[in-house]
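Inspection log for the structure reproduced underneath, given as structure tokens.
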Amino acid sequence: MIPRPPSDDRANQNGDGSKKTGAKKTGAKKAAAAKKTAGKKATPAAKATAAKGAVTKKTGKGKATAKKAVADKAAAKATVPQQAVPKQAVSKRAVSKKAVPRKAVVKAALDIPEAPVSPAVAPDDRDRLLSGTHHAPHSVLGAHPVPGGVAFRVLRPYALSVTVVTDDLRTELHDDGAGFFTGLLPLRAVPDYRLHVAYEGTVHETEDAYRFLPALGELDLHLINEGRHEELWTALGAEPMTHQGVPGTRFTVWAPNARGVRLAGTFNFWDATAFPLRSLGSSGVWELFVPGVGEGELYKFEITRPDGSKTLRADPVARRTEAPPRTSSIVHASHYAWADEAWMAARGERPVHESPFSVYEVHLPSWRPGLTYRQLAEQLPAYVADLGFTHVELLPVAEHPFGGSWGYQVTGFYAPTARLGTPDDFKYLVDALHRAGVGVLMDWVPAHFPRDDWALAEFDGRPLYEHEDPLRAAHPDWGTLEFDYGRREVRNFLVANAVYWCEEFHIDGLRVDAVASMLYLDYSREEGQWSPNEFGGRENLDAVAFLQEMNATVYRRVPGVVTIAEESTAWEGVTRATHDNGLGFGLKWNMGWMHDSLGYVQHEPVHRRFHHHEMTFSMVYAYSENYVLPISHDEVVHGKGSLVSKMPGDWWQQRATERAYLGFMWAHPGKQLLFMGQEFAQGAEWSETHGPDWWLLDPAYGAEPDHRGMRDLVRDLNTVYRHEPALWERDTDPSGFAWVTGDAVEDNVFAFLRHAADGTPLLAVSNFSPVVRHDYRLGVPDDIPAWHETLNTDGARYGGSDVTNPHPVKPEPQGRHGRPASIRLTLPPLSTLWLRPA
């Protein structure tokens, strides 16, 4: 570390990497410095003291050599003014001796023998080190055996002097100018040593970063080269560690096109000059172990591009970041102790597609604006558990600079957003949800990344994470860049990232965003704006291979998790196993069902008969994939209105239609997802700036019962759903569903049976007309003695008209809908009924 300059200005640490350094000496100060040193000669007493402080365990010849060196230095200083050096202020974090006046520092320096001058740093090495383009700084800097002893070379801009200190010696190095200090000591081997670096007003004691062997192993480099490092976050980024017995932090970054990489941060006051990284062979990885640097330090990589320009970049594998709009990475090590052992042990007991699975979708920053991860942990788990949802799905948690992107333009793929707290704080939230019996899904965005010039875009001066072909790099819809899935290191970066969230944060599943944009080379592109694959087709074969590898790796390493695809096309085999040439996802969002069903209920009841097929068509393909039925954030923003506001009619009819719709949705084959705020019929569409309108549930609000009734319905839907295996056990098996009537077009009625694995049925009936239908006859199996109404969305407690079937309904031996028996029901207006065997 070096002391802080007079002004610690990090305002320009982004972009091109330019930075402000400590103030230079003025001409007057230079003259004063020269005056202090000019004409001073070592007295005999000083010489004797210096000789005594030299290498005390050497031979008499060695002592004489040290004495002569001190005398020569004193004579030289008598005639040559000392070179002026830019000054720096005292470091808050420096391990420093007591600050002393500059005059005393100079005097103290005269009492320390100066090492004989070693061969100076070669001009080429000197230029490359100062320009930040040296691939092997450790081969020049540090201590190296040479003919005649051990050469010490140190780069410390702004230092007044540098002294090598071991158990046996204390010797000042020669000032070669421009921040270089060198010396040749008559030693047979490189000793354990430290550096005393004198700046104006302080002496700083430190380890020499350039005396350490690489802190990254050959196996790590091999796996990175192969694109197979499944724990990439343990090899790249900032890793606090003890290396060769010394605590510090290893910094590593993949930048194969860089001419040089240096490290800037709070520990060197954003001056990277003295902190060049070394290139580790042909891997493209650069590494530097910095002793004394620990958790909480801010840092970035200063990269010299192929054209010689510089750019200051955040760490792509940073595990913690500053809160936006700041962009620095932060050295981090987790100390969290998990308490969700029971959840983790039971997580993989039953396949997700054969389990109850209802999801509450949440945007954490706006669910309760202003709350941190730990504060959310006090409220969110209890709320979700009370409503009976099995999982929450979090909109992207990974760090993103623009809050208005909702997290879908990620810059920090390995760091939870710092807006709400630290990575360990986020673990605390996940832990709390697990202990409440709620699983945690997370939106994951491997489709694209933003163009911010401090992040991934042209990271080392050339396309690196993005594709080299401009037709494949730029995403036309979002102005972002698409990943180069064909590059093994990029694919590894993403696959390891998926594993990282599941293993390190105990995430139970990943919902992969914008899969369709990854699969098709011509996605949102006109003719001439895209380039075909090697076979002339429009399929992105590299993306297919990446998704298959990601899914296979996650399922192999983290049993019990689920991956979910947001895929809006008819791509075949999205949820088919990779060994059967599928993409390997566990579930897929059923975008077709969502669009069709919402389209149906938005029509006036009198017109719904012309759109009856929109509610039945989904069963034509319901078993082609394993589906989730999503009413997500995308459907309640950008002028689309909230769910209840989509419904026609007056306020009562709107709420009744939403209740009927949710009842139909929860009974339909597939898993359920509902975005926050829709569970209590929020009228306004969602905004990330203020979140749900919780005031609607304030008892002092006159219409509070209407909103509370909707929330009570959602709670009961989840409760009955979880206890009725017929609604989830055969979600992916055609034998688990049968239409009773799917063609009651004039009545706006739909009725179907769901079957559990043991054959136990549940009858679901929806009436999307605003009239009561008495004695409505429906065909049923003849082996059920009676049916009992287990849920009615028109119940009074939900805000309905309370038209019910209060008594068990017995079948009559009158065939209907191709079945030998039938029952007569009273169908409430705009409602859904669930009936089970009494």
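Heads up, the Cβ atoms here are built off N, Cα and C, so glycines get one too.
Per Swiss-Prot, region 'Disordered' is recorded for 1-98 (among others).
Per Swiss-Prot, compositional bias 'Basic and acidic residues' is recorded for 1-11.
Residues annotated as compositional bias 'Low complexity' in Swiss-Prot: 29-57.
According to Swiss-Prot, the feature region 'Disordered' maps to 116-142 (among others). Note: the region 'Disordered' (116-142) comprises 12 helix, 1 strand, 14 coil (DSSP; helix = H, G, I, strand = E, B).
Using a 10 Å Cβ-Cβ cutoff, Asp513 (active site, nucleophile) registers 21 neighbours. If you look up Swiss-Prot, you'll see Asp513 marked as active site, nucleophile, on the strength of sequence analysis.
Using a 10 Å Cβ-Cβ cutoff, Glu566 (active site, proton donor) registers 21 neighbours. Taken from Swiss-Prot, the feature active site, proton donor covers Glu566.
Sequence-distant contacts of the region 'Disordered' (793-822) (same chain, at least 6 residues past either end, Cβ-Cβ under 8 Å): 652, 655-656, 659-660, 662-663, 705-706, 709-710, 712-713, 740-741, 772, 777-782, 784-787, 828-833, 835, 838. The annotation region 'Disordered' is assigned in Swiss-Prot to 793-822 (among others).
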Using DSSP, how many residues of the region 'Disordered' (793-822) fall into helix, strand and coil, respectively? 3 helix, 6 strand, 21 coil
Integer Å distance between the CA atoms belonging to Asp513 (active site, nucleophile) and Glu566 (active site, proton donor): 5
